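Some features that TrEMBL has for this protein:
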TRANSMEM  86-106  transmembrane segment
DOMAIN    88-339  domain 'Cytochrome b561'
TRANSMEM  126-144  transmembrane segment
REGION    155-184  region 'Disordered'
COMPBIAS  155-177  compositional bias 'Low complexity'
TRANSMEM  190-208  transmembrane segment
TRANSMEM  228-248  transmembrane segment
TRANSMEM  318-338  transmembrane segment
Amino acid sequence: MNISDGHVDADVQGVDIRRRHLEVSPQCKGLSVDNVQQQHLPENNTDTGWLLNAGSSASIATDNDLDGMNHLSSTSFLRRAQSMSIVLSIILSPVAIVLVSIWASVLGGVSWSEGDAKRVFNWHPVMMVIAYAIMNVGALAFRASGTSAYQTSLHSSSSSSSLRNVSTSSIPSSISPDPKKRRDAKSSHASMWTLNIVFGTIGILAVFKSHNDPISGYIANMYSLHSWVGITVLSLYTIQYLVGMFAFSGLCSARRRISNPISMEIHKFAGSYIHILATTTILLGIQEKEGFVLCAYTVESPDVPPEFNVGKIPYSCKISHCLGVVILLMGVCTHFGLAKL
Ligand code: HEM
Ligand code: HEM
């Protein structure tokens, strides 16, 4: 299970647990042993098709057998849903960048000049959303390439499964413990976090510059919930980045001391949490900015049903609402994509 350069050994700890997910219950084990009629399965059901090899000596399956079969079928379904969720999340990343760029241009475009604080500010959402989109792809780098320790453990445990007739068709064929692919995924994972630091820093500098502009007028810093949550996320991100570099990149000679299964599990858990927190921060930021743009409209009669008046929402707010929904979907899809099912 030593997939690439020794770091994956840190991931192996979880394998036994994950293997349990794959192994079927005792009742279900009976299933693979030719004792279920194929007629119990819906026709053309590819999810369950890998489970069974209906023998000529088939007999009627018990309820327990069918329960076990349903369990495997839903595991397979969940894995497919997870693959789709990863693809969707990656597709939504450029969509978010396009939406935030349109939003910034509707709000007047961007600038870095003194006395142009509003347009200097616009760099903030643009840079932060680009950083988030990169973060999103970075978090999924191992899953998308089929090289995460979790996926390869599923691959090897199902290949060595004692179950007769169980094929690996529930696991995408692209998943294999290929050391080169794994190394590539790891480099893009690490370099995307590094690139993020560049975009994130410009984004934060932009908002501070726009708040401290002597010509446009000063605005207080760090007064909102968004800015407090934002600083917390940036701090967690920095810690995660430094620990990742020390422990798993091979750049640090002391890494052997901290590169162990527990630190890897903490890294994965913290990484997916930081992603969720960044999602939350962006949503709070959009809400904060919408408060200044004024998205509400006036009505002369009861606004029921509200969809009749949705067209009255200012254009910039429609764009920022869509951006918020896309960011939310990215958060959900990536979180689901990283789950250990
Ligand atoms: C703020 C920076 C970082 C964040 C938010 C982060 C986040 C994550 C996440 C969410 C995972 C789980 C991926 C999965 O389950 O497929 C992960 C795994 C991993 N990360 Fe990071 N990471 C960061 C920095 C780094 C750095 C700098 C390295 C050094 C190369 C690194 C190396 C790894 C490795 C080796 C894995 C294991 C993947 C696996 O096989 O499951 N990470 N990281
Ligand atoms: C993960 C991404 C983000 C982080 C970490 C973040 C962080 C921050 C921080 C630390 C501040 C305080 C700066 C100061 O006080 O001068 C700030 C301000 C601000 N941010 Fe963000 N931000 C993010 C994304 C966004 C987005 C997408 C928007 C949408 C427009 C946004 C809107 C604002 C606004 C309106 C302010 C000024 C008002 C205030 O201080 O809250 N932010 N942000």
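A Cβ is built for glycine as well, from the same backbone N, Cα and C atoms used for every other residue.
Nobody curates TrEMBL annotations by hand; they come from automatic prediction.
Note on the domain 'Cytochrome b561' (88-339): mean pLDDT across this stretch is 89. If one looks beyond the transmembrane segment (86-106) by at least 6 residues along the same chain, the residues whose Cβ comes under 8 Å of a Cβ in the stretch are 122-123, 125-126, 129-130, 132-134, 136-137, 140, 143-144, 315-316, 319-320, 322-323, 326-327, 329-330, 333-334, 337.
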